[in-house]
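Take a look at the structure set out below.
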Amino acid sequence: MNVQQLKKRAAAKALEFVQDDMRLGIGTGSTANEFIRLLGERVADGLRVTGVATSQYSEQLCRKFGVPVTTLEQMPELDLDIDGADEIGPEMTLIKGGGGALWREKIVAAASRAMLVIADETKVVKTLGAFALPIEVNPFGMPATRRLIEKVADDLGLSGEIILRMNGENPFKTDGGHFIFDAFWGCILQPRLLSEALLAIPGVVEHGLFWGLASRAIVAMADGQIKVLESSDF
């Protein structure tokens with residue numbers, strides 16, 4: 001089975017956790033896209049749900065497949081957030097944001113009673129950091145913000161490139177109008193300390209470390225198994 005097939009299987013399993021009249025957080029990324037498509041099929045069959053999308057792209061996809069969507073302003077409390085991850089590490093700590101929606105993804109996850117992660121087995125790791133950590137920053141004073149990020153990394157013994165994410169010849173811009181630095185630090189042994197230190201930098205809007213938010217992960221395995229993992233399983 002290829003990776004795309006595994007993503008579809010994880011997304012299909014996630015539908016078993018969705019019930020009528022649920023208020024759903026709907027994620028962003030390739031695995032979330034598969035979930036949206038399958039959710040649309042269930043809605044067409046009569047499932048009643050309302051979603052809050054974590055990006056403009058996911059909202060457009062929901063509308064395309066017939067999934068009713070609203071905003072957090074209209075529905076500030078959600079029952080279940082279903083989203084992918086770039087890495088799933090110990091104690092269900094995640095790296096997210098490869099799709100550029102990390103700020104909204106974290107807001108929606110925090111507004112949800114539970115967060116369910118859907119992924120293929122390649123996303124499960126013993127130590128976070130092989131995937132670049134996205135750091136969303138305000139465009140104002142970016143060189144100063146970058147310097148402070150580098151200082152945080154140095155203080156925590158992290159080394160590696162910090163690269164401004166590009167979209168062609170221009171910086172990639174998030175739905176919130178911010179830019180993203182991708183930090184290639186390789187191995188993040190103290191994610192909570194790093195999280196706190198990054199958020200203490202005034203120019204940092206958010207980062208892609210998620211801890212204390214996900215309660216379960218559905219992981220599709222290459223051998224055909226689908227595992228439902230709790231934080232205690234890591």
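Cβ coordinates come from backbone N, Cα and C, glycine included.
For the substrate site that Swiss-Prot gives as THR28, GLY29, SER30, THR31, ASP83, GLY84, ALA85, ASP86, LYS96, GLY97, GLY98, GLY99, the extra residue drawn from LYS64, LYS123, LYS126 is LYS123.
The Cβ of ASP83 (substrate binding site) has 31 other Cβ atoms within 10 Å, all protein chains considered. Of all Cβ atoms in the shown protein chains, 21 besides its own fall within 10 Å of the Cβ of GLY98 (substrate binding site).
Look at the Cβ of each of the binding-site residues LYS96, LYS123 and count the other Cβ atoms within 10 Å; the largest number goes with LYS96. Cα of THR28 (substrate binding site) to Cα of GLU105 (active site, proton acceptor): a span of 8 Å.
Counted over every protein chain shown, other Cβ atoms within 10 Å are most numerous around THR28 among the binding-site residues THR28, SER30.
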